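Taking it in order: structure first as structure tokens, then the write-up.
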Amino acid sequence: MALLAIGISFRTADVSLRERFAFPETDMIPVLKDLANSVQGLTESVILSTCNRTEIYCSIEKTAHEHLVHWLLENRQGDLEDFKSINYTYWDHEAARHMMRVTAGLDSQVLGEPQITGQVKDAYDAARRAETLGPQLNLLARHTFHAAKQVRSTTEIGRNPVSVASAAVTTAHQIFSDLATTSALLVGAGDTIELVARHLRSAGVRRITIANRSLENASSLAAKVADHAIPLSEIGDVLHEYDVVISSTGSPEPVIDKKTVQEARRNRRYRPLFMVDIAVPRDIDPAVVTLKDVYLYTIDDLTSVIEENIEGRRESAEQAEEIITGAVEKYAVEQGARRGQELIELFRHSANNVRDAELKRAIDRLEAGSEPSELLSRLAHDLTNKLIHSPTLTIRNAASDDRRDLLDYIRKSLALD
């Protein structure tokens, strides 16, 4: 059986195509069972389905590859031509490498993101409950999760933030050594502000308020990630209460002017005020940068922080790739040994069957009155012929095909020199 990885991802397909091939988590166990029952030549399977990828990892006969594709298209009501243009296929060691890279976050949209490791574990858990795992995928899992753990524990790939939101929070740490003593005002109600709020909450910020032109939108977001919501019109009244202000709206004009910040600065008795303007066009009057004790950063000011972190991840990614290469090699060695052991067991089982059949025949002849010495001689002769029959055919076929390399290998293996 060969190891196969086949799928699509954000690298090959846009969301309109990815969603057509996605498998709902609630359907995964019956889907795996249907796959096992529908594709002859497939003995083990795991399906990884996330917002960014759908992949099937399986132990399968290579001749069954087309049957697997047919099952996938039928199950997801997909189009063959579409699938041909967006899918990728990896076999054996390259399939193992792909799973390891995916699990370690090296193939993620955000390099090094940690969520994918848990998603792969969930995929394996579903396969375990569906009883579609076996020795090959279990061996791959052991090496894969060990490699992912090694990547995260020995490199910095999962530790350095790369988003604008996290860069803003990282910069805030440079102004306030302990964010747990601070309060934050977030202006806007989009995805970026939500991500900022989550980062601030993780950093321990004691109070987070969302301000937005639409109080309904602000309240909706605050219910998920913050403590309070206010309309944009109230910013001037409460700005002095906050140590951190991060703004990202779609306004064509500044929503916080210099005068408003000056008044807040006086009411704060000149305690530091950290402001980040992520918006383009800018939300905060650029003249605010001239005010003492006010630290205003724009998205351009954060670029260096982001690039430093991305560069750090690139260096870590190179280290991680080396770890993956080593893990693939170890997997290949153990997989080869496992296949060798399987072959040995099959060969031994075949030899035992020959022995048992010849021994039974000899006993029957002995009970029928055959002379023992003649019987033993015949048993040895028949047993020898039966045991060397298949190897003899292999040698003859190799010779007729001029496979000198195979003949030399057989000669050395059987110590015939």
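Heads up, the Cβ atoms here are built off N, Cα and C, so glycines get one too.
Any TrEMBL annotation is an automated prediction that lacks curation.
Going by TrEMBL, these are the annotated features:
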type   : residues : note
DOMAIN : 6-155    : domain 'Glutamyl-tRNA reductase N-terminal'
DOMAIN : 171-305  : domain 'Quinate/shikimate 5-dehydrogenase/glutamyl-tRNA reductase'
DOMAIN : 319-414  : domain 'Tetrapyrrole biosynthesis glutamyl-tRNA reductase dimerisation'
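For the domain 'Quinate/shikimate 5-dehydrogenase/glutamyl-tRNA reductase' (171-305), DSSP puts the residue distribution at 63 helix, 31 strand, 41 coil. Mean predicted confidence for the domain 'Glutamyl-tRNA reductase N-terminal' (6-155): the pLDDT average there is 92. Taking DSSP states H, G and I as helix and E and B as strand, the domain 'Tetrapyrrole biosynthesis glutamyl-tRNA reductase dimerisation' (319-414) has 88 helix, 0 strand, 8 coil.
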